Amino acid sequence: MTIDPKSYAGYLQLETLLASQKPVSAAVGRPAHDEHLFIIVHQVYELWFKQVLYELDRVEAIFAGPWVEDRDVAAAAAGLARVVEILKLGVRQIDLLETMTPLDFLDFRDLLFTGSGFQSLQFREIEVRLGLKRENRLRFDDQPFEHRLIEPEQTRIRDVEARPSLFDMVEAWLGRVPFLETAGWQFQEAYRSAVTAGVREEIARISDNPTLGDRQREGQVAALEEELGRFEALFSSSPKDRATPAPGWRMARGAVLAALFINLYRDEPALQVPFRFLSHIMDIDETLTTWRFRHAQMVERMIGRKVGTGGSSGHSYLNRTVEQHRIFSDLFALATFLMPRAARPDLPEALRRRMALAYAPVNGQDGAPDARSA
Ligand code: HEM
């Protein structure tokens with residue numbers, strides 16, 4: 001049968017798509033009803049993974065150059081917002097797969113042999129392109145993680161690893177944010193003293209709190225001192241240090257401070273889009289983490305404590321990836337060092353003007369009532 005390429009079926013290549021579900025259980029003469037759902041769910045994931053990678057192509061193209069056009073950051077943020085919605089759908093799909101019971105799964109699980117989501121090249125590519133580094137991955141045997149993929153895929157994943165990830169590009173972009181200092185004012189100094197004073201006040205409050213026992217008091221003070229130490233480690237006057245991470249952080253000091261600055265002063269017009277962009281990155285990290293957690297729970301429900309078909313310890317391995325495989329946790333840690341708007345150090349007026357919207361006069365007339373010069 002020839003299909004008209006201009007028809008619905010032709011345009012969508014439905015002949016190929018809908019002929020691509022081939023339950024093995026039926027082929028070996030012991031049809032298991034739920035294998036059809038199992039195949040479709042996995043295929044739909046792979047299609048969405050393809051779209052995620054496609055969106056990442058555009059975001060990477062925007063961030064790959066030596067500078068990033070402001071107007072392009074909004075396009076990148078829109079791409080990431082779409083990725084977030086796809087990942088949320090991925091989390092929801094687990095509910096659908098769970099309409100298959102463990103007993104239904106057992107009807108065909110033995111036919112999967114060593115096949116496992118572990119071998120999803122596109123999933124691995126998403127992880128790597130977002131910025132999951134080899135050295136931060138959980139090890140469960142002596143083999144490199146890509147060993148589970150077939151040969152051409154191993155090469156592909158190593159090639160992708162050799163390129164800068166979204167994490168690397170965002171770190172470099174944050175490192176170039178221009179507003180962190182202006183004549184006679186440096187964000188790092190103004191904010192450092194404000195946070196230090198705030199934490200010292202909190203320590204004093206805890207020390208004077210009569211409702212706390214000695215051990216509780218000491219514990220809370222020690223935790224705050226530790227956080228303060230982590231914060232202090234971000235500061236260094238040497239430009240070389242600013243390009244490297246402080247102990248306990250993954251992102252370079254300068255990039256972390258810029259992200260903090262964007263979070264604190266996000267109401268300024270020039271920072272609104274960068275703030276949205278960073279928020280979507282956090283949404284991606286959080287939704288991927290939620291997926292890992294839901295997938296691990298689903299796996300426990302389906303196979304209990306059995307080892308996986310891919311050879312890992314199964315649920316226990318997956319559970320540990322939930323925290324360990326987070327990529328942008330530095331951005332989440334920043335909330336520890338935020339302070340109420342009223343307590344923020346004021347920005348110098350000249351800097352606020354630089355970050356304001358500026359309207360050019362039209363036909364020699366100043367058309368905007370609140371026009372400012374940048
Ligand atoms: C009955 C349903 C499922 C079961 C029992 C299951 C089981 C497992 C197990 C045990 C692992 C650990 C590796 C191994 O030893 O095999 C794993 C990994 C994985 N699975 Fe599933 N899975 C199921 C459905 C899915 C679905 C629908 C997807 C969607 C693509 C998926 C994607 C993955 C991925 C990407 C990994 C690698 C995770 C990582 O290494 O961080 N799985 N799965």
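Note that the numbers count up from 1, one per residue, in the order the chain is shown.
The backbone N, Cα and C atoms fix where each Cβ goes, glycine too.
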Per TrEMBL, member of Thr289, Thr290, Thr309 binding substrate alongside Phe38, Ile39, Ile40, Val41, His42, Arg109: Thr309
For Val41 (substrate binding site), what is the secondary structure by DSSP, using just helix, strand and coil? helix
The number of other Cβ atoms within 10 Å of the Cβ of His42 (substrate binding site), counted over all protein chains shown, is 15
In whole Å, note down how far the CA of His295 (heme binding site) lies from the CA of Phe38 (substrate binding site). 14
Could you tell me which of the binding-site residues Ile39, Ile40, His42, Arg109, Thr309 have their C-beta within a distance under 6 angstroms of some atom of ligand 1? His42, Thr309
